[in-house]
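K.L.:
Here you go, one structure.
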Number of protein chains: 2
Amino acid sequence: MPDTLPADSVGIVSPQTYHFDAPIDLACGQSLENYDLVVETYGTLNADASNAVLICHALSGHHHAAGYHSAEDRKPGWWDSCIGPGKPIDTDRFFVVSLNNLGGCHGSTGPNSINPETGKPFGPEFPVITVGDWVKSQALLADRLGIQCWAAVVGGSLGGMQALQWSLDYPDRLRHAVVIASTPRLTAQNIAFNEVARQAITSDREFHEGRYYDFDTVPRRGLMLARMVGHITYLSDASMGEKFGRELRDQAYKFGYDAEFQVESYLRYQGERFSESFDANTYLLMTRALDYFDPAYEFGGDLSKALAAASCEYLVLSFSTDWRFTPARSEEMVNAMIGARRKVSYAEVDAPWGHDAFLIPTPRYTDIFNAYMDRVAREVGA
Amino acid sequence: MPDTLPADSVGIVSPQTYHFDAPIDLACGQSLENYDLVVETYGTLNADASNAVLICHALSGHHHAAGYHSAEDRKPGWWDSCIGPGKPIDTDRFFVVSLNNLGGCHGSTGPNSINPETGKPFGPEFPVITVGDWVKSQALLADRLGIQCWAAVVGGSLGGMQALQWSLDYPDRLRHAVVIASTPRLTAQNIAFNEVARQAITSDREFHEGRYYDFDTVPRRGLMLARMVGHITYLSDASMGEKFGRELRDQAYKFGYDAEFQVESYLRYQGERFSESFDANTYLLMTRALDYFDPAYEFGGDLSKALAAASCEYLVLSFSTDWRFTPARSEEMVNAMIGARRKVSYAEVDAPWGHDAFLIPTPRYTDIFNAYMDRVAREVGA
């Protein structure tokens with residue numbers, strides 16, 4: 001945390017755990033008898049509970065989206081740039097709910113939680129979770145919090161898929177869906193990168209078919225490789241060039257295979273750090289949720305037919321250099337929304353940072369996001 | 001081989017091994033006391049040895065570029081589409097030389113060859129080889145074959161880098177350089193993908209710091225991962241979409257991590273097959289040669305200054321959907337060639353197959369390549 005708390009920070013925040021005792025049926029056919037969701041909230045719920053905004057996280061995200069856990073925290077939550085007083089998701093006006101998704105590894109029930117039936121971590125017995133399952137669990141969380149209808153459900157990347165799914169599964173329970181840097185379904189290339197990540201993890205000898213907890217180890221190298229390849233897809237060629245170019249750590253070539261280029265040591269560092277903090281089974285689960293997401297599938301691939309069920313308004317945002325989920329993929333969604341006679345605002349924002357641009361405030365991105373959320377707030381009298 | 005040999009095939013070919021007894025000094029400061037190069041030739045060298053064309057191979061390539069090794073061969077050489085009677089590199093007119101590069105794993109001296117000093121495979125003791133080293137060894141091969149000046153040096157991808165390097169290091173020994181789907185140097189993103197591949201190999205427990213031969217094993221999983229990630233970068237998002245889309249192997253989602261999407265099983269198959277036939281140390285070596293290639297480096301990054309030494313003509317070809325080495329990278333080379341007052345023909349060919357397009361004949365690609373090589377042949381009276 002900085003020495004003085006910035007005026008636009010939500011400040012020190014504490015996560016809360018909600019326990020759910022009723023079983024939840026999942027798309028895979030299995031169910032969880034009971035489970036925990038770890039949640040942070042920022043701002044105050046108004047009297048008619050109309051000012052609530054749900055934040056949905058992406059692959060490696062979690063509930064800690066804004067503020068600091070303690071004065072010693074070096075970094076704020078992962079979307080602190082967009083959540084706080086005066087920011088697009090303005091905590092002076094909105095009551096913001098951010099959770100760690102089911103299957104996560106940051107406190108909500110997931111593969112590294114104890115399976116009450118065996119007294120050991122679930123590991124590979126933890127069911128595969130879909131975007132639809134997440135939305136269902138988030139609706140149960142909304143019930144618990146007394147929120148009948150979200151002012152907005154908001155997410156980037158995999159989070160944007162959840163926002164879109166909300167609008168299909170619970171059309172009466174949200175007024176707006178904000179879908180940022182997302183896609184209506186993965187391409188073969190997207191799935192291919194996920195598959196490389198999964199193979200890296202499952203082929204690590206320390207994986208032990210997902211039971212590594214029992215062996216007091218983690219598939220560190222596999223998780224590191226998965227993160228390295230993922231990380232490349234989050235950045236643009238141009239932004240990597242800008243940041244690292246061909247810069248060497250030392251003066252000259254060393255004619256070996258140690259990290260010589262700055263980009264090599266950066267990637268290794270990112271991979272290593274991630275492998276120390278993220279659960280490998282959760283990584284598999286999150287990538288599979290991405291692969292499976294395809295709301296148009298039951299409608300013969302016609303997303304506008306799927307959207308016939310929806311009634312909310314949409315904000316869709318894409319970033320010019322995002323090659324993971326290109327602007328063309330956002331435009332597919334926008335076209336389908338228009339086809340389904342839905343209200344949709346769309347902008348492709350020029351930004352050099354590739355997919356990661358949704359995490360980085362830039363004037364046009366912030367301005368559009370601000371203006372839209374201001375309208376959302378006015379609608380609910382916030 | 002097909003039942004009847006196609007009229008435009010070079011037919012059954014046999015590789016030959018050339019032994020070199022004089023030490024070769026390498027860029028890394030080490031030298032090899034002696035070495036073998038395995039070579040195939042197609043066509044006939046004319047009386048004044050002016051019709052010789054050198055083929056330079058890419059990362060996973062080798063000397064077997066055209067024809068069949070036996071009637072039982074199912075597939076011809078890797079560039080059979082472009083080499084043969086009546087093809088762009090017309091073996092009725094040219095004498096074509098194709099070798100496995102030093103450091104390769106298909107017969108030329110490389111990490112899996114026996115180190116005469118120890119009686120064991122070189123493994124990690126094999127020196128890191130640069131594009132310049134390859135060109136030097138190819139010049140020694142030309143001496144051996146009695147070729148003072150190549151009609152053309154031709155290559156795609158890493159092979160194109162060798163063609164470019166030839167024009168700088170031996171300007172009097174080639175008339176034309178044909179540089180296809182290549183780049184004057186890797187970007188940070190290119191290096192990053194190579195680094196993922198190397199980390200996959202070196203972090204495989206079976207790698208044994210490169211001495212896996214002594215342990216009677218190979219880092220199969222690492223090599224498989226390296227190939228999978230490489231393979232994704234050789235294809236375009238569109239061509240993967242066209243070929244696989246989101247097609248499932250079975251009817252419905254299985255809610256697990258086995259290969260369910262066609263693209264997953266394709267990639268696994270490609271990776272597994274590669275890991276059975278390619279040497280891991282050679283893969284490291286080839287990727288490092290790619291990383292290091294940067295002929296402009298000594299000239300303050302100004303490629304046109306590097307090209308002041310050159311005197312050949314150039315054909316540069318790029319492919320519209322190649323995101324590994326984009327058309328913009330070829331245009332950098334073309335601009336530098338023009339800046340250096342060199343003759344250069346350039347075309348960006350529309351093709352959906354990404355980087356791999358240089359291996360796939362398409363009318364415009366073949367027409368341009370044919371026309372240019374026809375001019376090369378006429379110049380030398382072939």
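The backbone N, Cα and C atoms fix where each Cβ goes, glycine too.
All TrEMBL annotations are machine predictions without curation.
Sharing the features that TrEMBL gives for it:
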type: ACT_SITE; residues: A:SER157; note: active site, nucleophile
type: ACT_SITE; residues: A:ASP322; note: active site
type: ACT_SITE; residues: A:HIS355; note: active site
type: BINDING; residues: A:ARG227, A:ASP356; note: substrate binding site
type: DOMAIN; residues: A:51-359; note: domain 'AB hydrolase-1'
type: SITE; residues: A:ARG324; note: site 'Important for acyl-CoA specificity'
K.L.:
Does anything in the same chain, at least 6 positions from A:ASP356 (substrate binding site), have a Cβ under 8 Å from its Cβ, and if so what?
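P.N.:
The answer is A:TYR234, A:LEU235, A:SER239.
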K.L.:
In whole Å, how far is A:ARG324 (site 'Important for acyl-CoA specificity') from A:HIS355 (active site) when you measure between their Cα atoms?
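P.N.:
Here the two Cα atoms lie 6 Å apart.
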K.L.:
Under 8 Å Cβ-Cβ from A:ASP322 (active site), six or more apart in the same chain: what's there?
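P.N.:
Same-chain residues close to A:ASP322 (active site) (Cβ under 8 Å, separated by 6 or more) are A:ALA181, A:SER236, A:GLY354, A:HIS355, A:ALA357.
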K.L.:
In Å, rounded, how far does the Cα of A:SER157 (active site, nucleophile) sit from the Cα of A:ARG227 (substrate binding site)?
P.N.:
16
K.L.:
Would you kindly give the Cα-Cα distance separating A:ARG324 (site 'Important for acyl-CoA specificity') and A:ARG227 (substrate binding site), rounded to the nearest Å?
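P.N.:
Each residue's Cα considered, A:ARG227 (substrate binding site) and A:ARG324 (site 'Important for acyl-CoA specificity') end up 15 Å apart.
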K.L.:
I want to verify one value. Collapsing DSSP to three states, which class is A:SER157 (active site, nucleophile)?
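P.N.:
Assignment for A:SER157 (active site, nucleophile) reads coil.
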